[in-house]
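Enquirer: Got a structure for you, written out below as structure tokens; questions coming shortly.
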Amino acid sequence: MTDNIPLQPVRQKKRMDSKHRGGCCECLRCCGRREPRPRTVWLGHPEKREQRYPRNVINNQKYNFFTFLPGVLFNQFKYFFNLYFLLLACSQFVVEMRLGALYTYWVPLGFVLAVTVIREAAEEIRCYMRDKEVNSQIYSKLTARGTVKVKSSNIQVGDLIIVEKRCHVLCTQRLPTASDLLQIRSYVYAEEPNIDIHNFVGTFTREDSDPPVNESLSIENTLWASTVIASGTVVGVVLYTGRELRSVMNTSNPRSKIGLFDLEVNCLTKILFGALVVVSLVMVALQHFAGRWYLQIIRFLLLFSNIIPISLRVNLDMGKIVYSWVIRRDSKIPGTVVRSSTIPEQLGRISYLLTDKTGTLTQNEMVFKRLHLGTVAYGLDSMDEVQSHIFSIYTQQAQEPPAVKGLSVATKVRRTMSSRVHEAVKAIALCHNVTPVYESNGVTDQAEAERHYEDSCRVYQASSPDEVALVQWTESVGLTLVGRDQSSVQLRSPGGHILNFTILQIFPFTYESKRMGIIVRDESTGEITFYMKGADVVMAGIVQYNDWLEEECGNMAREGLRVLVVAKKSLTEEQYQDFEARYVQAKLSVHDRSLKVATVIESLEMEMELLCLTGVEDQLQTDVRPTLETLRNAGIKVWMLTGDKLETATCTAKNAHLVTRTQDIHIFRLVTNRGEAHLELNAFRRKHDCALVISGDSLEVCLKYYEYEFMELACQCPAVVCCRCAPTQKAQIVRLLQERTGKLTCAVGDGGNDVSMIQEADCGVGVEGKEGKQASLAADFSITQFKHLGRLLMVHGRNSYKRSAALSQFVIHRSLCISTMQAVFSSVFYFASVPLYQGFLIIGYSTIYTMFPVFSLVLDKDVKSEVAMLYPELYKDLLKGRPLSYKTFLIWVLISIYQGSIIMYGALLLFESEFVHIVAISFTSLILTELLMVALTIQTWHWLMIVAELLSLSCYIASLVFLHEFIDVYFIATLSFLWKVTVITLVSCLPLYVLKYLRRRFSPPSYSKLTS
């Protein structure tokens, strides 16, 4: 019998866009497409299908060729900001409202839309190419004519697919040999497509045998997403394709994250719109609402529309792209990926960091540290004793009779201890899901290495690093796992003899059962033994009574070790046959199969012999301690949310210095009702500067009855550890922190159980670890090590926020300046709704004349990255949102009004005879003022900033030749023009330079001492 794979050959590598999936679901409902149903799949005969199945293609695109442009435009104009400018541009088609040439309104809007369309098109093309690459993967298909190559997009339900070693598969099951598959009359009955990846219900039926073969198929016969064929070749029948893949159906709809910074800018935009309406009404009121005043209001709204800068959104979006590019290019955090380029500013304002433990703070690399037999324990320094016990058992030449008179007590104790150690080590070597794989090492080829069990060519593969650590330890003490397939296990004794065991049944580990078991038959003796290992909380009720299990489990957990309890039970042939009959019958059930199977297995799990406890240590990742200290000094509170037991989590928290040596730890005792929760909360309230450790069960009770009180107390703690935490509880804690504190949260994790927490947080960071890439792909940012988080927040987060704050306020200042000049101009000329600048001047002002210097602010920084990492206290200043606040906004508004008024009144005072001279003097002064203000704002010069300043000035000077329609070219060449522009520019800028100097002198910012 070989493995056969109901193959889902294409893996979902990128989560689908929520809008796309939602639209797809809506389409299904609208089209009345049938709900998924159970299916009967005939092997190798896709044409016999009884219903239509979706194509086996992955499509992560948000749009298609026809919906791209309408979709992008709809997503742009559904927001008030862009819709306002569209209505503004459309109003110019009405003659009574027209203030100038059409292109002065449509060109800026078109530019903004073009940038957005190009960006979306680039993302769609990249997405299309990724989809095409995945959909074009080549697989081998078994047909009556032999093996043929087929693209994954052409695979259908019922096809037989051959998967080689190292190929990725999604689902396997047991079927006859490949050569017989197309000759036999057989089918697979499979349940309807659903999201449950932990269970599978199906049956395999062969009709042309006598009697007909009917075997159950369950989760043990399947391999899901991202699994790899470790060795050999398997043949699979395709059961699900396309959107019915469980990986696709399990792709949740992550909430669309909008950054706090974007919300604050949106709020400022609303204030500017209010100012626009007020200024327009004041202008009309000063005309005493004469004539068609309502038309005049509209004209003034159009005239002062520059108060709301159309370029603000595009500048910020392009800035985010630059920040993302800088993060990816940082050589000090290699492998960092920005998956969401819309929220880099969030990284600069994190108040709460919620982190997983295993694989995030720890390496998920297990080291075997302790073997405890109840009366004796073996540590790393005494493993040679274990080795000698194993050696003595297998090298004993002749078995002594059981009752030999005169046998010394020491010899009896020695034999008893050796036997106990041997039984424990043998149980550990057999009860697991590890597969030894042999690879060529350049000297020995793979086939020869597998035949002779070459140690140098062997690699252990398993779903969990715990399992590998245990098997590697048994090898180190003399009992080596050398071979394994679905039906047998081979061990090698210290003397080189091969011990063969037949696997009769395997009961895999699940999160619900928290244990795994295996029934094996020793080929040399015929003995049948049921081995089991699992968490102490479940094994305590399964093993025979003892007085040391609970105490020793607690002791080992306090040392930071992950504890497993190992037990065994010997079965007679009759006992096993009775169990097998009941087990097979339960597995053939289509309804309530899980419950029936669990009931049968539990009938065996009674009065098992306790063999030993194992303790493995998960080592901390590199530089976890200094990273956590940096985050703490930056004002970020760290909460650890883990599924591990309380003692292990507490020990890791101490070891990682999440809890400092001077802090007390309050362990929240287990509460089950409202009264107990009330008493424990009162006890906790009396503690000060104390870290909290609480279990998931107690947390659930507290949140049910005293949510507000608990969160208030927990938020005051310097650190919180939540153990035995379910994935849904992790997301709930994130959500409560956001609601109760209003602060920004960041969630860090590396496994699939962290995805909900990562997606719920304001900023999700995934660590690429040994648990796969599920968390990494679902996160906004992906890092390779936890220590990179420090630089991501302290340097890139801080810079992104400060740069965007400066950029947004400067773009607003640029628009308010010209709007102030327009207001002064209209007031002087009897409140006429006549534009001051027309045509190319108004377009050039916010594009080629000032765009490059203003945008170069995204390269500015107040301190070097090394200083930001050395003094994390600088990050704490940002948590109050000072770089972008109503105070800073008001300061920039006042600066804009001052400079706009000075430039306009100066031009009106100093112009000679013609109106065109006013335009020349004021516009030139305005351009120079903006360039000087950029220079005033910059704190650390970059060579690109200098290039941007010189380029903009050169563009303006060069374009004067072509602007004779608006500017007198002969006048600007005179000395009179030059001194007037110089005076106006100095009066508008010099006071601000003086104020900046005085502020630096008498009230320097916090970072100035570090840069001096």
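Heads up, the Cβ atoms here are built off N, Cα and C, so glycines get one too.
Straight out of TrEMBL:
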DOMAIN    45-105  domain 'P-type ATPase N-terminal'
TRANSMEM  102-122  transmembrane segment
TRANSMEM  263-287  transmembrane segment
TRANSMEM  293-312  transmembrane segment
ACT_SITE  ASP356  active site, 4-aspartylphosphate intermediate
BINDING   ASP356, LYS357, THR358, GLU467, PHE509, LYS533, ARG562, THR642, GLY643, ASP644, ARG724, LYS730, ASN753, ASP754  ATP binding site
BINDING   ASP356, THR358, ASP750, ASP754  Mg(2+) binding site
DOMAIN    777-1004  domain 'P-type ATPase C-terminal'
TRANSMEM  811-831  transmembrane segment
TRANSMEM  837-859  transmembrane segment
TRANSMEM  889-909  transmembrane segment
TRANSMEM  915-936  transmembrane segment
TRANSMEM  943-963  transmembrane segment
TRANSMEM  969-995  transmembrane segment
Enquirer: So, by DSSP, how many helix, strand and coil residues make up the domain 'P-type ATPase N-terminal' (45-105)?
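Expert: Helix, strand and coil residues of the domain 'P-type ATPase N-terminal' (45-105) number 31 helix, 0 strand, 30 coil.
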Enquirer: If you count CB neighbours within 10 Å, which one among the binding-site residues ARG562, ARG724 has the smallest count?
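Expert: Among the binding-site residues ARG562, ARG724, the lowest count of other Cβ atoms within 10 Å belongs to ARG724.
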Enquirer: Quick check on the binding-site residues: of THR358, ASN753, whose CB has the lowest count of neighbouring CB atoms inside 10 Å?
Expert: ASN753
Enquirer: Under a criterion of Cβ-Cβ distance under 8 Å and sequence separation of at least 6, what residues of the same chain contact ASP356 (active site, 4-aspartylphosphate intermediate)?
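Expert: Counting only residues 6 or more apart in sequence, the Cβ neighbours of ASP356 (active site, 4-aspartylphosphate intermediate) under 8 Å are MET640, LEU641, THR642, VAL748, GLY749, ASP750, GLY751, ASN753, ASP754, MET757.
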Enquirer: For the ATP site made of ASP356, LYS357, THR358, GLU467, PHE509, LYS533, ARG562, THR642, GLY643, ASP644, ARG724, LYS730, ASN753, ASP754, how many Å separate the two farthest Cα atoms?
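Expert: Across ASP356, LYS357, THR358, GLU467, PHE509, LYS533, ARG562, THR642, GLY643, ASP644, ARG724, LYS730, ASN753, ASP754, the widest Cα separation comes out at 27 Å.
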Enquirer: Count the Cβ atoms, other than its own, that fall within 10 Å of the Cβ of ASP750 (Mg(2+) binding site), considering every protein chain shown.
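Expert: Counting Cβ neighbours of ASP750 (Mg(2+) binding site) within 10 Å gives 31.
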Enquirer: Restricting to the domain 'P-type ATPase N-terminal' (45-105), report the mean pLDDT as a whole number.
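Expert: The predicted confidence over the domain 'P-type ATPase N-terminal' (45-105), as a mean pLDDT, is 77.
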Enquirer: Test of understanding: give the count of other CB atoms lying within 10 angstroms of the CB of PHE509 (ATP binding site).
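Expert: Total other Cβ atoms inside 10 Å, all chains included: 19.
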Enquirer: Got a sec? Which of these binding-site residues, GLY643, ASP754, has the most Cβ atoms within 10 Å?
Expert: ASP754
